[in-house]
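The substrate binding site feature in Swiss-Prot is assigned to 8-15, 21-22, Arg60, 87-90, Lys98, 114-115, 183-184; the stated evidence is sequence analysis. The annotation active site, tele-phosphohistidine intermediate is assigned in Swiss-Prot to His9. Annotated active site, proton donor/acceptor per Swiss-Prot: Glu87, in sequence order. Per Swiss-Prot, site 'Transition state stabilizer' is recorded for His182, and the stated evidence type is sequence analysis.
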Amino acid sequence: MVKLVFARHGESEWNKANLFTGWADVDLSEKGTQQAIDAGKLIKEAGIEFDQAYTSVLKRAIKTTNLALEASDQLWVPVEKSWRLNERHYGGLTGKNKAEAAEQFGDEQVHIWRRSYDVLPPNMDRDDEHSAHTDRRYASLDDSVIPDAENLKVTLERALPFWEDKIAPALKDGKNVFVGAHGNSIRALVKHIKGLSDDEIMDVEIPNFPPLVFEFDEKLNVVSEYYLGK
């Protein structure tokens, strides 16, 4: 059986400050750095050996991937970065404190923006300091595909081609795969892998630690699902 290990990035500085992060390129906190190292230690203890790793183009996921691979003595494993594994784009909520946003817009509205499958938050202004339209890491993309806001539905739509073109073929080739990504990009892929309904995915949370493991048969049917160390 092949294994797919999802590791959400360790706690970021904005997680710690309770801010909406999205595509803002925020670093790991001290706690988050240790979580990434501990994830690698759990991987080593479990004896999981990877053939390929994938991550986003955001430093908190990249660092988590590198730290986890290093701690599991697998830093040599090839790592491919893709914007398609980025966190959900929180639009105009990016950088806002979650509690303050609830006071400004109301608890119910913020809850809908955060937890509904297909309701978009307000768009981010194109001149916002965190706008991806002026970020050179996305310079090769057509401007029309760069989001100003995303819900989970849109996040899945842009992550799914990467699953179909990269991750699934690697698994079908018998490769064990590590994916260092983000809470919502992982949730989106979990929805697809498990065939969850729009309502069912709303109750799924992906913690910063520990990593989530899926084991598949040769047809990519899920054989088992578990968190390392639990």
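Each Cβ is built from the backbone N, Cα and C atoms, and glycine gets one as well.
Just so it is clear, the model here is predicted, and its values are computed rather than measured.
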Measuring C-alpha to C-alpha, could you say which of the recorded positions Trp14, Gly22, His182, Gly183 are within 10 Å of Glu87 (active site, proton donor/acceptor)?
-> Gly22, His182, Gly183
Please list residues from the chain of Trp14 (substrate binding site) whose Cβ is under 8 angstroms from its Cβ, counting only those at least six apart in sequence.
-> Phe20, Thr21, Ala24, Val26, Gly95
Cβ density check for Gly22 (substrate binding site), other Cβ within 10 Å (all protein chains) comes to 26
Nonlocal residues around Gly183 (substrate binding site), in sequence order (Cβ under 8 Å, 6 or more apart) | Arg8, Glu87, Glu205, Ile206
Cβ neighbours of His182 (site 'Transition state stabilizer') where a neighbour is any other Cβ within 10 Å | 27
Recorded positions (Arg8, His9, Arg88, Lys98), the one with most neighbouring Cβ atoms at 10 Å | His9
Between Arg88 (substrate binding site) and His9 (active site, tele-phosphohistidine intermediate), find the distance joining the two CA atoms and give it rounded to the nearest Å.
-> 14
